[in-house]
Amino acid sequence: LCCPLVDRWTYFMVFVSIPQPGSSLSLPVLNFPKSSGGLKRRKRDWVIPPINFPENDRGPFPKNMVQIRSNNDKEVKILYSITGPGADQPPVGLFTVDKNSGFLYVTQPLDREKKDKYVLLAHAVAVGEGKAEAPMDIIVEVIDMNDNKPVFTQDPFTGTVPEASKPGDEVMQVTATDADKEGSAHSDVRYTILSQEPPLPSLNMFVINPVTGMIRVNAAGLDRENILKYTLKIQAADLEGNGLTSFGKAIITVTDSNDNAPQFVTPSYTVSVPENKVDALVVKMPVTDGDDPHSSAWATTFKIVDGDPQGLFNVSTGPSKLEGIITTAKPLDFEKNNKYTLLVTVANEVPFAVPLPTSTATVIVNVEDVNEAPVFSPVEKMIKKPEDLPVDSDLVLYTATDPDTARNQKVTYKIRNDLAGWLSINKDTGLIKVKSPMDRESTFVQDNKYSVVVLGTDNGISITTGTGTLIIELEDVNDNPPTIDERMIKVCNKESSPQLLSITDKDGAGFAAPYTVQLQGSSLSNWTARMNDTKTGIILTLKTMLDSGDYTVVLRVSDIQGLHQESTIQASVCDCKGADVQCIDKAVAGFGLSSILGILGAILLLLLLSLLLLMFLRKRGGEKKEPLLQEDDVRDNIYYYDEEGGGEDDQDFDLSVLHRGLDNRPDVFRNDIAPTMARPEYRPRPANPADIGNFIDDNLKAADNDPTAPPYDSLLVFDYEGGGSEAGSLSSLNSSSSGDDQDYDLLQQWGPRFKKLSDMYGGGED
């Protein structure tokens with residue numbers, strides 16, 4: 001059977017009915033395309049249509065699929081073979097061919113989901129002549145069968161839905177896949193809700209799109225406070241819902257919506273608050289809310305909607321989020337208003353999901369009257385006065401008023417922080433006067449201002465005090481003459497250089513520079529003085545050559561208004577020239593070369609006399625027969641140990657003084673005599689560290705009463721030394737030779753202590 005031409009390619013298939021062994025069915029026959037000339041190679045112009053074979057065929061196997069034939073099989077013996085995946089490539093042996101007849105077999109069931117198409121090459125070889133046909137493509141396409149049921153992509157599916165959702169609102173989507181051929185009915189999946197648990201408030205609270213699997217709200221009435229979770233059983237079926245089926249679950253959690261308005265526990269409050277306090281607690285107002293705890297639909301906010309036009313109160317949410325706290329934002333004034341009625345509303349942090357009524361509470365605030373401190377007006381008062389205002393002059397009347405007008409209290413006044421002590425105040429009227437002269441140039445004045453604090457105290461049951469500050473700006477007057485800063489100068493008596501003297505005036509501008517200067521007394525004959533170009537400094541010059549020495553220069557300096565003062569300058573005139581002033585002390589100048597030479601000569605003479613004395617002593621020492629000490633002895637070998645009394649016989653003093661406080665002890669502690677007093681018992685060291693303090697205290701008391709304990713912190717007794725002394729008498733020591741052979745006069749050179757020995761032993765028979 002020939003097929004229509006497509007372009008220049010020709011489809012060609014020949015069906016031949018050939019009985020199979022043991023079968024009466026006919027198989028399709030695939031003929032190799034004809035060659036243009038014998039066995040010559042030619043271009044393939046024939047396209048063989050694919051062979052369709054169903055998957056999951058039950059056999060028996062091997063099962064015939066098609067017969068391959070060559071047009072030359074009548075002329076020569078043809079041998080057939082196939083190559084490619086499924087033949088000689090993995091999976092090897094899935095397809096086989098009878099080499100003589102050309103029958104193509106499949107040896108086992110095919111699975112489209114593993115491989116949906118096989119491409120084989122058919123070969124025809126003439127026996128003894130080689131290739132008879134060019135290789136021919138054989139395409140085996142596996143026909144899909146509905147052998148896979150839908151599979152849900154997850155199980156269970158989970159989603160959420162707000163409790164205030166409306167019918168038609170989307171909730172979630174479920175999906176399932178089918179491994180069968182895509183686009184065919186075998187993979188066309190449809191969805192159905194089989195059941196809903198719990199079936200409240202209606203059986204069909206949700207609906208599912210059968211094609212997309214989108215679940216939507218189907219009915220109103222979701223309420224998280226009653227039903228928190230729904231479980232839907234979902235079916236997925238292929239063949240447009242009529243084929244294989246699978247089942248899954250969709251769990252939908254109902255989330256909270258702000259569908260419960262918060263409510264005040266108590267609708268009205270009456271409280272009392274003292275006046276003049278800021279951030280004072282007025283009231284705490286608890287509320288309840290039925291929404292999900294700790295959510296935005298549960299947390300509350302509060303607002304004062306009426307009764308506080310001046311903003312005297314503040315309302316905030318407490319830490320629990322279910323409590324409104326009202327405090328004072330500004331001081332309350334009992335004298336102005338002693339009662340406030342506030343209207344407070346409560347809402348949630350997020351708007352209501354549905355229209356709900358707003359809960360309100362009424363708060364009646366009664367203001368408590370307290371004794372308020374007097375108030376100065378203004379709190380800081382500034383006045384301007386001249387600094388030379390006479391003593392006892394009135395400065396200003398500075399008073400305070402008592403806010404407690406109903407109490408009719410009296411205010412008394414007092415000045416505090418009057419550091420200079422210039423002011424006084426009438427305690428009843430508040431009139432401030434000058435007590436002592438004021439001075440703008442005082443260190444207590446800063447920027448021409450002097451400040452004091454005025455106290456106003458009422459006479460109420462609980463006394464209160466208000467403060468005000470009085471600032472006096474002192475106007476300057478010319479009360480300070482100019483002075484010269486330098487008090488000592490040094491100049492040369494030859495070609496003396498001018499000296500610049502600086503001037504200071506404590507008064508301000510208008511009472512100071514320009515200055516004038518005049519020499520006074522004898523200073524006129526030896527000095528000249530003039531002002532510098534700026535009239536702020538004095539140029540003082542020595543005009544007469546004076547002998548070196550100290551001189552007094554008297555200058556009168558006047559300010560711009562003629563206020564003057566005489567200043568004394570100590571001028572040291574030195575014997576020098578020009579600006580290089582070098583003054584030499586007369587005492588040092590008189591100490592000349594001759595004095596230095598005399599001192600050096602005296603030092604040399606003293607050294608010479610010392611040398612002669614040393615030589616004399618050495619010579620005299622060489623004439624002696626036998627010195628008291630050997631030549632290798634030195635004075636450092638003689639040690640001084642101080643006197644210690646007359647020895648063991650010197651015991652004529654009262655030792656009872658040393659025993660004061662030791663009356664309870666034995667007279668003598670000896671190693672061979674046991675104490676007569678009972679020895680106290682000591683506590684053993686405790687195992688519990690908490691008892692270590694008591695252990696130390698108890699054993700310390702025992703040690704204080706123990707006569708055998710070492711008396712490290714008491715008076716020790718050393719008056720007993722045993723029955724005798726192991727040392728011999730010092731009188732038994734004898735010299736190695738007679739005393740007549742010794743030269744005791746040498747001891748006189750060792751000081752007054754050895755002079756006595758020299759007199760005793762070297763003085764002859766006297």
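In case you wondered, yes, glycine gets a Cβ from its N, Cα and C as well.
On a predicted model such as this, the values are computed, not experimentally measured, just so you know.
The annotation domain 'Cadherin' is assigned in TrEMBL to 70-152, 153-264, 265-376, 377-484. Per TrEMBL, the feature transmembrane segment maps to 591-617. Annotation comment: TrEMBL describes 726-745 as region 'Disordered'. What TrEMBL lists as compositional bias 'Low complexity' is 727-739.
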**Q.** Average pLDDT across the domain 'Cadherin' (70-152), rounded to a whole number
**A.** 85
Q: On the DSSP side of things, how many residues of the domain 'Cadherin' (70-152) fall into helix, strand and coil, could you say?
A: 0 helix, 37 strand, 46 coil
Q: Would you mind splitting the domain 'Cadherin' (377-484) into helix, strand and coil residue counts from DSSP?
A: 3 helix, 50 strand, 55 coil
